[in-house]
Ligand SMILES: NCc1[nH]cc(CCC(=O)O)c1CC(=O)O
Ligand SMILES: [Zn+2]
Ligand SMILES: [Zn+2]
């Protein structure tokens, strides 16, 4: 055999295999999405997301304590209110007595070292289930949407969130949120993570079920990106960098590894996040249940493919399991 044909000499040993990855997956690269509901004592199984629950604020200590102990370093909060009055502008989103703001206060006291990000969106709080404020005809009214989203983000920052992460995909919201944070004195204290390239995906089903955030009519195709739109994704990433995003995100992750790789090249100086969304997680679990593969091996393969594509931060429902699987 010709010398240039030989690759296997380079990965015969577990350590030399590790050296072949440009970056190794570590615990601090994983952010855990959690659902907080407005019954303070709730611990309710989510059928379509095996192993995940809706938590009340009183349960957070018992639920997260052991995970923080094992090395979980960040969470992203999603509010799931049931008792509130939803309306056209998503008023309950930043209710000081609502689940997200209550959870921020609680987590800051319970776990001083835990990094707390908050998803910012209106769909969990609007009567129509869309991510912004609507015109009479049901289309998105961009200016008031952006203003309301910036207001919610600022209120999460004021409550103590380390990071606000708008997932609504409204044009101009990154600039508006950054402006609001800076003007209120939070510019240097709160990270702005943009869901920059968020695609209109079939993989959000279990999340919408968990969060009760499915739109009452229509779909999200006028604000989330078409799955084929590589160009729009690249433009959205560049725009959000220009508007002041601190972290760029691609979502979903596995079907969009090329977009992650593009983002790594377009925004090489920013942390790059990707979201292994609810449907991706459910798919990995379902395949394992069907005997197609081993769950742990597949969870590693999917998440490590995201690292290989260029992600430096991964939002995943597998985070608790990785705390057991990873050494550092
Ligand atoms: N702003 C809504 C939102 N925020 C996070 C997710 C998906 C997360 C997941 O599927 O795990 C969605 C879904 C959607 O657009 O309906
Ligand atoms: Zn939304
Ligand atoms: Zn969201």
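Yeah, the Cβs are placed from backbone N, Cα and C, and that goes for glycine too.
Note that TrEMBL annotation is computational and uncurated.
Taken residue by residue with DSSP, residue 198 (active site, schiff-base intermediate with substrate) is part of a strand. Here TrEMBL flags 198 (among others) as active site, schiff-base intermediate with substrate.
Its Cβ taken as reference, residue 251 (active site, schiff-base intermediate with substrate) is surrounded by 26 other Cβ atoms within 10 Å in the chains shown. DSSP assigns residue 251 (active site, schiff-base intermediate with substrate) to a strand in the three-state reduction. Annotation comment: TrEMBL describes 251 (among others) as active site, schiff-base intermediate with substrate.
Mapped onto three states, the DSSP output places residue 121 (Zn(2+) binding site) in coil. Less than 8 angstroms from the CB of residue 121 (Zn(2+) binding site) sit 93, 131, 149, 166, 167, 168, 213, each of them six or more residues away in the same chain. The Zn(2+) binding site annotation in TrEMBL covers 121, 123, 131.
For residue 208 (5-aminolevulinate 1 binding site), other Cβ atoms within 10 Å of its Cβ number 17. Annotation source TrEMBL lists 5-aminolevulinate 1 binding site at 208, 220.
In the three-state DSSP scheme, residue 278 (5-aminolevulinate 2 binding site) falls into the helix class. The 10 Å shell around the Cβ of residue 278 (5-aminolevulinate 2 binding site) contains 24 further Cβ atoms across the protein chains shown. The 5-aminolevulinate 2 binding site annotation in TrEMBL covers 278, 317.
Checking the recorded positions 198, 220, 278, 317 against ligand 2 with a 6 Å cutoff on the Cβ atom leaves no residue at all.
In sequence order, 167, 169, 224, 225, 249, 250, 251 are the residues of the chain that are 6 or more apart from residue 198 (active site, schiff-base intermediate with substrate) and have a CB within less than 8 Å of its CB.
With the fewest other Cβ atoms inside 10 Å of its Cβ, the least crowded of the binding-site residues 123, 131 in this structure is 123.
In this structure, the C-alpha atom of residue 278 (5-aminolevulinate 2 binding site) lies 16 angstrom from that of residue 123 (Zn(2+) binding site).
Ligand 3 lies within reach of 121 from the recorded positions 121, 198, 208, 317, judged by a C-beta closer than 6 angstroms to any of its atoms.
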